[in-house]
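Annotated in TrEMBL:
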- 24-42: transmembrane segment (TRANSMEM)
- 63-87: transmembrane segment (TRANSMEM)
- 107-134: transmembrane segment (TRANSMEM)
- 155-176: transmembrane segment (TRANSMEM)
- 196-218: transmembrane segment (TRANSMEM)
- 297-322: transmembrane segment (TRANSMEM)
- 351-372: transmembrane segment (TRANSMEM)
- 392-409: transmembrane segment (TRANSMEM)
- 429-452: transmembrane segment (TRANSMEM)
Amino acid sequence: MEAPDCEVLSVREQLFHERIRECIISTLLFATLYILCHIFLTRFKKPAEFTTVDDADATVNKIALELCTFTLAIALGAVLLLPFSIISNEVLLSLPRNYYIQWLNGSLIHGLWNLVFLFSNLSLIFLMPFAYFFTESEGFAGSRKGVLGRVYETVVMLMLLTLLVLGMVWVASAIVDNNKASRESLYDFWEYYLPYLYSCISFLGVLLLLVCTPLGLARMFSVTGKLLVKPRLLEDLEEQLYCSAFEEAALTRRICNPTSCWLPLDMELLHRQLLALQTQRVLLEKRRKASAWQRNLGYPLAMLCLLVLTGLSVLIVAIHILELLIDEAAMPRGMQGASLGQVSFSKLGSFGAIVQVVLIFYLMVSSVVGFYSSPLFRSLRPRWHDTAMTQIIGNCVCLLVLSSALPVFSRTLGLTRFDLLGDFGRFNWLGNFYIVFLYNAAFAGLTTLCLVKTFTAAVRAELIRAFGLDRLPLPVSGFPRASRKTQHQ
């Protein structure tokens, strides 16, 4: 009887050491992401909000900033979740018996998916509302001023918000699925209510990705064109430098002689415009000093890479639409156990896995570009050392919604065959064929429409510039045209 007891004891010790190792690895990964996000947010925060005369306001803003850093780290972890899983599977396939990668296993990957799901729920439902109410609170009337009074008010507001959201989700569940068992399941707060609420939030995030990603794919060409130096055939830097210097000189004269103009001048606005023009002139000087390789090779290669990645994304989605009509296995589904290192999730092997990872990152960057380019969310765009605390909270919430929906988005479009792990695969709408099919068709249609509109507009502008039609004295729409009688006179 002693030998079996020793074996059971050794198995328990091995499981214990594996859990400790997974906790250490997860902690190190999260600490790395947290440090990177903290450095990133400190570049955008407004320093005046953290050096105020009132110590309570500064303390509240510091606490809110740490909560935003935690949320942004979870968002970055959600972005890296699916690529890390795909790469881990290929590494285990290539090196199945390597001693130095024994820590990389299915249990670790499954635990990371569960942790991201848990902390995404925690951040969206509790931490970010707490941070917003905390920065806006002043304490109850008659209570002592300070951080503790603000905490009491924030907790009360958060409890009221939780009751409101709980009631709305319960009513929505009763409308969508009028079943007594489904409504009673919502009373189980941890097992059913939070996953159901997160399923609704994830569905909104997937819809937001559907709108922002095609817009971002079209905007990526213009954004890349602004960052890189174009060939001399496509832009005249000398003319831009001359115009910038002329505008800068005109603004300098207006600032030095404010009384010479009979219109009232906003000196602060003029100083901001002058600073922007000086920054633009410095950037133009750097672009003019670029080498011939950067000018004639970098820009065409970047445009070619964007065109290939965009076309490949649309092609994969089109193929996935055909697979949905033929094979039921193309539907996204969840996987309870992470069986890694057994089979590749791409028909092209490791090369296909690398292409999948590149496409996932490319679509995520495009969705962020499209999100901040849309008229509805353009005001949320952060500014360097000039972003208010409430604006930082809004940005963190939006980025978390987008990033936490990225695994579901990628699997729904067929960008990868890696099935969703943990609670990410428990979303009810993933099993609906019509929703998945219409989502794929809408993505392909919107992306094609945005690209065609962008390229035709660019070609039309180049043709107008080439034929000199932009120099014609066209009538201004804001002023009425003169009548024929006036013209004859």
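Heads up, the Cβ atoms here are built off N, Cα and C, so glycines get one too.
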The transmembrane segment (297-322) and the transmembrane segment (392-409): do they have three or more Cβ pairs under 8 Å, with pairs 6 or more apart in sequence? no
Any residues 6+ beyond the ends of the transmembrane segment (297-322) with a Cβ under 8 Å from its own? 217, 220-221, 224-225, 228-231, 234, 330, 355, 358-359, 362-363, 413-415, 437, 440-441, 443-444, 447-448, 451
Against the transmembrane segment (63-87), which of these stretches has the most C-beta pairs under 8 Å: 24-42, 107-134, 196-218, 429-452? 107-134
Same-chain residues at least 6 beyond the ends of the transmembrane segment (196-218) whose Cβ lies under 8 Å from its Cβ atoms: 117, 120-121, 124-125, 165, 169, 172-173, 186, 310, 313, 363, 365-371, 373-374, 401-402, 404-406, 408-409, 412, 423, 426-429, 439, 442-443, 446-447, 449-451, 453-454
Contacting positions for the transmembrane segment (429-452) when only residues 6+ beyond its ends and CB under 8 Å are counted: 199, 203, 206, 210-211, 213-215, 217-218, 310, 313-314, 317-318, 320-321, 324-325, 331-334, 408, 412-414, 420
